[in-house]
Amino acid sequence: MDNRPIGFLDSGVGGLTVVRELMRQLPHEEVIYIGDSARAPYGPRPAEQIRDYTWQLVNFLLTKDVKMIVIACNTATAVVWEEIKEKLDIPVLGVILPGASAAIKSTHSGKIGVIGTPMTVTSDIYRKKIEALSPEMEVSSLACPKFVPLVESNELTSSVTKKVVYETLLPLAGKVDTLVLGCTHYPLLRSIIQNVMGPDVKLIDSGAECVRDISVLLNYFEINRSREEQTLRHRFYTTASAKSFAEIAEHWLGQKVSVEHIDL
């Protein structure tokens, strides 16, 4: 047993989609979350800058004595997950491999779409992971640079958002039967994305898939939180407005949250 919290990091609010799934599947675990909304989105930034920013978030979480770190950001996972995993002596999870595996299990046609930030798409990491597991798959990737700013602005259902999503995803419509939401912000736009892609296209939430791996590692390392320890104190930190973060977090998680602004 290990009653320390699990640390989550993201470029902003997107990683809350992973936290929500964790709270559903593993409700007895405690969360510490840091979202770098002041510097979001990470996707258009150079790899070295993404690496530096991600390490800042990791080091912040380490000061909170977390027992595991979840890089709840596809861009950061693509750039620096391997390095962080090798250097830390606690488990470190990324969100890409779970999403890739789930897409392979889901598809019937072998035609998989991947949407993500420019960095995630340019890295080609989803195609590499999918084809390594199942070489016969046909992967089509599409960068969606406007999606993260819309989510960070809490523009989740506006007419502008619907128009942007429609125009962006049109090249993939009718060409895939499975679509990986290769950015943890994108599930916040899930209903609009589903409407554009059509009801027969299966959407894969890479972050939600990651929670299954969290559960496996908690059991493997025997670091589950004691179920007798009832007091949970989830803590959320943001580099931008605590008020704006709380509005999105409370809407998405369905509960009041404690949010503190920090400067890195």
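Here the Cβ of each residue, glycine as well, is placed from N, Cα and C on the backbone.
Annotation comment: Swiss-Prot describes Asp10, Ser11, Tyr42, Gly43, Asn74, Thr75, Thr184, His185 as substrate binding site. Sequence annotations record features per position, and here Swiss-Prot assigns active site, proton donor/acceptor to Cys73, Cys183.
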Candidates Asp10, Ser11, Tyr42, Asn74, Thr75 (binding-site residues) - the one closest to Cys183 (active site, proton donor/acceptor) by CA: Asn74
Residues close to substrate site centre defined by Asp10, Ser11, Tyr42, Gly43, Asn74, Thr75, Thr184, His185, Cβ within 8 Å: Gly12, Gly14, Gly15, Ala40, Pro41, Cys73, Ala76, Thr117, Thr120, Val148, Cys183
Cβ-Cβ neighbours of Asp10 (substrate binding site) (radius 10 Å): 32
Number of other Cβ atoms within 10 Å of the Cβ of Cys183 (active site, proton donor/acceptor) across all protein chains: 33
Cβ neighbour count within 10 Å of Thr75 (substrate binding site): 34
Nonlocal residues around Tyr42 (substrate binding site), in sequence order (Cβ under 8 Å, 6 or more apart): Ser11, Asp36, Ile50, Tyr53, Cys73, Thr75, Ala76, Thr117, Met119
Chain-internal residues near His185 (substrate binding site), provided their CB is under 8 angstroms and they sit 6+ positions away: Gly12, Val13, Gly14, Thr17, Phe147, Val148, Val151, Glu152
Collapsed DSSP category at Asp10 (substrate binding site): strand
Packing count at Gly43 (substrate binding site) (other Cβ atoms within 10 Å of its Cβ): 26
Secondary-structure category, per DSSP, in which Gly43 (substrate binding site) falls: coil
